[in-house]
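See structure below.
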Amino acid sequence: MQVLPPSATGGPSRLFILRPVATTLLMVAILLAGIIGYRFLPVSALPEVDYPTIQVVTLYPGASPDVVTSAITAPLERQFGQMSGLKQMASQSAGGASVVTLQFQLTLPLDVAEQEVQAAINAATNLLPDDLPNPPVYSKVNPADPPIMTLAVTSSALPMTQVEDMVETRVAQRISQVTGVGLVTLSGGQRPAVRVKLNAQALASLGIDSETVRTAITSANVNSAKGSFDGPERAVTLSANDQMKSADEYRNLIIAYKNGAPVRLGDVATVEQGAENAWLGAWANKQPAIVMNVQRQPGANIITTAETIQKLLPQLTESLPKSVQVKVLTDRTTNISASVNDTQFELMLAIALVVMIIYLFLRNIPATIIPAVAVPLSLVGTFAVMVFLDFSINNLTLMALTIATGFVVDDAIVVIENISRYIEKGEKPLAAALKGAGEIGFTIISLTFSLIAVLIPLLFMGDIVGRLFREFAVTLAVAILISAVVSLTLTPMMCARMLSHESLRKQNRFSRASERVINRVIARYGQLLKRVLNHPWLTLGVALGTLALTVLLWIFIPKGFFPVQDNGIIQGTLQAPQSVSFASMAERQRAVADVILKDPAVESLTSFVGVDGTNPSLNSARLQINLKPLDDRDDRVQTVIARLQEAASRVPGATLYLQPIQDLTIDTQVSRTQYQFTLQANSLEALSTWVPKLIARLQTLPQLADVSSDWQDNGLVAYVNVDRASASRLGISMSDVDNALYNAFGQRLISTIYTQANQYRVVLEHNTTATPGLAALDGIRLASSDGGMVPLSAIAKVEQRFGPLTINHLDQFPSTTISFNVPDGYSLGDAVDAITQAEADLAFPAEITTQFQGSTLAFQAALGSTLWLILASVVAMYIVLGVLYESFIHPITILSTLPTAGVGALLALLIAGAELDVIAIIGIILLIGIVKKNAIMMIDFALAAEREQGMTPREAIYQACLLRFRPILMTTLAALLGALPLMLSTGVGAELRRPLGIGMVGGLLVSQVLTLFTTPVIYLLFDRLGHAVRRRLPAREEEA
């Protein structure tokens, strides 16, 4: 048994060193808890930070944008505007559709928001049109959030109406029931219906108006209760043939009698099985299809939801005929899983590199095993806490663990190096462990809490960015805390059992060679340090110059919000002139699809034309382009987008806007491009004056690309100007006119066919094949009070005007959204500055208000809080260090190292052509924590040497620098190699990881060189300052 000297107290580590079994079992418990926790952690791309968002869709076929706005959107908005917790309300009123998107505060639970929305819809019901085919339908989904999965259903044998019916009843409903699914939409509009196409001439010749036909159909097709009777012995339920379910039945329906002879519907109309909406269409790789888009609820886990759907699909497709093919075209989880797997590989690579650098410096296998055990134990133990906090395995938490690899090994290295030093001096391993751990314990605590203090401000960041990085900060802090516990318990215990004087002295050729190199480096460093200490003011000038350069770089470096990721999916909008027809738009879509599918990087394409809850106008088409896997294509997504836009520009009469789909979605509206800027006014007239001026100005700016607006006020309008006096004299009301027009041209849903599985509509319209366009209005006849038929032209004149295709509101006021991209060579910060200057130059009137939206607004908020965040980190660290050192001055000495980290990170980002975005800023904040560790290790030993050995401050700091040079170099290289895999990342999601790695590697390289010289100089200067202050204070007291 080793006899312990009295000084070998061991501090907080003593109990764990002396009880190896208990220590081992405690560490095994941490390891098992982490392994079990890992199995329960969900996988996702990013932390769940969605705003609670609900979309309310109301369809009113045939209604103009003005009617939809006044009759549907406005009543709903008035009710929604009274809800508590509402953050923003945006609406879009188009021909036949109203879409209101409600975004609530982050703190409001989605279920509570849902209850408020339902209550508001109920309150607005009495204010909505009586002939509304369906009440407003809400979905817990963000319309700007791209689908997690897109499926294409095609058939070479069956009509699309029959395919849609099967998909809707057998597939879509079941998928909608999956936990996490917010909305399943079927694009293509081929829902079955009975279409009644009236022959205007036949009606006129028989003296029948369309309202008579409509009334006859609705009266003939009913599905209501008929009662029952209860006899003495039997109960009987009443039923009747009150339902008509096929086109043949409707064709034979008698609608009137003329001259005693029946007039059947087939005599005055073409009756056929068709689609409910003839102006909707979808294609998959140019083949007609039903495109099924699955969107998740805000907050739902993408991976879990998609995996459940994938398991369910085989069962669902078995119920479909063999001629119906279901193909998954888009599954976002594929790229998310690939990105997470790449990050996990980089984490393992970081661990391997860190262990390699430890062996390089320690040159001893037992000594290398000790920190090699500490690293995975600290990381795996973190998983247990992550489960408790409802975190997930995502890119940010894995990045935190990758960076933590370099952090957590630092504590173990410092402990091992100090214990090894005493063993090499001849101490027994147990005594050396107690003495070395006791001596270094305060340093470990200082390092740990000062590093965690850097992360504290991240926990208090507000809004979406704060939620995003909370998991990152907490995961890293937990790993660091577990590392400190391991370093003060397991590490010294293992040193006492595994290290010995003989093992440390046992060296091979490589060990001796590396030892000579390191000794030479230390000797050379000592010589340079002496020269630097002899020229303190010059060194101080270098430090101040570094600070000034950091400020300049911060001002001029390009700034962004969040890295643009290559997820292999491109979202597109095809825009055509505002008066384009459905047939013409479909043709242009096919021409653009031909161009897109010829690109070697494209794997598949889905497209959609028509107006529904996802597409606001007939002159726009939605496209989703799936690229080949990253390993199978030569170009990144931005290069592919530029190439596709160039090729599509040769298609006449259409403009293609493209943007890559991102994992982080902050917007609430589907936009043509990545960034949005909104104008809001009290009236549409004010917007119509200023929007064109601003668009014209922005399109000239080099900082912007693909500038467009959703302001569309040049749609063709046939204005029916009724002579009310003439109409009244003939007994014709405005209601009669509206009904006649609606019956003819509104694809009016006049009756419902009920079946056991679904409900189908009867659609009424005029057959305009023979008389297309405005000429069809000549066939409209209205019944007068004397029973005669009056042509519309007798009481009205038709004027051709221009009107809006869509009317947009933001928080109940008219608005328009300007969309833009940022071209190569410019940053989002440049674009924001350019737009702000253009707005100032135009000098908008007071009634026009402007605001950036979505990620651009988040960028402004993040940029405004960044300096405060860094300042808060510095202040938090100063407070912690001041408390630990019981000094006002020593924390300043430690914090003087920070500018060296900033200048290195900013220079590295500038050289790499990367922007200063929120990921890079997190890297700079972490550098603050890493770089100050060098100063802490120097100052701790210098203070101890002054206090215990009576050295002068110069001798003490000089000796501390030489003694701590090896662990400082080891810990810095460990942190650098931990960040290196992130910097060199090339796989899926690399865009997200590289800014963090670039900033940290650059900052560590520069700070490592500078702090080794600036810290001792500043330490001595502050020491002289402290002595001068202390000399003056007694003198003043004597004078007093």
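Glycine residues also receive a Cβ, built from the backbone N, Cα and C atoms like all the rest.
According to Swiss-Prot, the feature transmembrane segment maps to 16-36 (among others). Distant neighbours of the transmembrane segment (16-36): 10, 377, 379-384, 430, 433-434, 437, 482, 486, 488-490, 492-493, 496-497; these residues of the same chain sit at least 6 beyond its ends, with a Cβ under 8 Å from one of its Cβ atoms.
If one looks beyond the transmembrane segment (347-367) by at least 6 residues along the same chain, the residues whose Cβ comes under 8 Å of a Cβ in the stretch are 375-376, 379, 398, 401-402, 405-406, 409, 413, 416-417, 420, 498-499, 503-504, 506-507, 510-511, 514-515, 518, 966, 969-970, 973-974, 977-981. Swiss-Prot lists 347-367 (among others) with the feature transmembrane segment, giving sequence analysis as the kind of evidence.
Through the fold, the transmembrane segment (369-389) approaches residues 27, 30-31, 33-38, 40-41, 347, 351, 354-355, 358, 397, 401, 404-405, 408-409, 411-413, 416, 471, 474-475, 478-479, 482-483, 486-487, 490-491, 494-495, 498-499 of its own chain, all at least 6 residues removed from its boundaries and within a Cβ separation under 8 Å. For 369-389 (among others), the entry in Swiss-Prot reads transmembrane segment, with the evidence type sequence analysis.
The annotation transmembrane segment is assigned in Swiss-Prot to 396-416 (among others). Below 8 angstroms of C-beta separation, residues 46-47, 340, 343-344, 346-347, 350-351, 354, 358, 362, 367, 370-371, 374-375, 378-379, 382, 386, 436-437, 440, 443-444, 447-448, 451, 468-469, 471-473, 475-476, 479-480, 482-484, 486-488, 491-492, 495, 499, 926, 929-930, 933, 937, 967, 970-971, 974-979, 981-982, 992-993, 996, 1000 of the same chain, each at least six residues beyond the ends of the transmembrane segment (396-416), sit close to that stretch.
Residues of the same chain lying 6 or more positions beyond the ends of the transmembrane segment (440-460) and with a Cβ under 8 Å from any Cβ of it are 11-13, 407, 410-411, 414-415, 418, 466, 469-470, 472-474, 476-477, 480-481, 483-484, 487-488, 869, 872-873, 876-877, 879-881, 884-885, 894, 922, 925-926, 928-930, 932-933, 936-937, 940. Here Swiss-Prot flags 440-460 (among others) as transmembrane segment.
Residues 10, 12-13, 16-17, 23-24, 26-27, 30, 47, 370-371, 373-374, 377-379, 381-382, 385-386, 389, 391, 396-397, 399-401, 403-404, 407-412, 414-416, 419, 433-434, 436-437, 441, 444-445, 447-448, 451-452, 455, 458-459, 922, 926 of the same chain lie 6+ residues outside the transmembrane segment (472-492) yet bring a C-beta within less than 8 angstroms of a C-beta in it. The annotation transmembrane segment is assigned in Swiss-Prot to 472-492 (among others) on the grounds of sequence analysis.
Within the chain carrying the transmembrane segment (537-557), a Cβ under 8 angstroms from the stretch's Cβ atoms is held by residues 896, 899-900, 902-903, 906-907, 909-910, 915-916, 1010, 1013-1014, 1017-1018, 1021, all 6 or more beyond its ends. Per Swiss-Prot, transmembrane segment is recorded for 537-557 (among others), and the stated evidence type is sequence analysis.
Taken from Swiss-Prot, the feature transmembrane segment covers 863-883 (among others). Listed by sequence, the residues of this chain that lie at least six past the ends of the transmembrane segment (863-883) yet keep a Cβ under 8 A from its Cβ atoms are 446, 449-450, 453-458, 460-462, 559, 829, 890-892, 894-895, 898, 921, 924-925, 928-929, 932, 936.
The transmembrane segment annotation in Swiss-Prot covers 888-908 (among others).
Marked as transmembrane segment by Swiss-Prot: 911-931 (among others).
Below 8 angstroms of C-beta separation, residues 335, 338-339, 342, 346-347, 349-350, 353-354, 356-358, 361, 399, 402-407, 409-410, 413-414, 417, 566-568, 630, 923, 930, 933-934, 937-938, 994, 996-998, 1000-1001, 1004-1005, 1007-1008, 1012 of the same chain, each at least six residues beyond the ends of the transmembrane segment (968-988), sit close to that stretch. The transmembrane segment annotation in Swiss-Prot covers 968-988 (among others), and the record cites sequence analysis as its basis.
Tertiary proximity for the transmembrane segment (998-1018) is limited to same-chain residues at least six positions away from its ends with a CB under 8 Å from its CB atoms, namely 403, 525, 528-529, 532-533, 536, 539-540, 542-543, 546, 893-894, 896-897, 900-909, 911-912, 914, 920, 923-924, 926-927, 930-931, 934-935, 938-939, 957-958, 960-961, 965, 968-969, 972, 975-976, 979-980, 982-983. Here Swiss-Prot flags 998-1018 (among others) as transmembrane segment.
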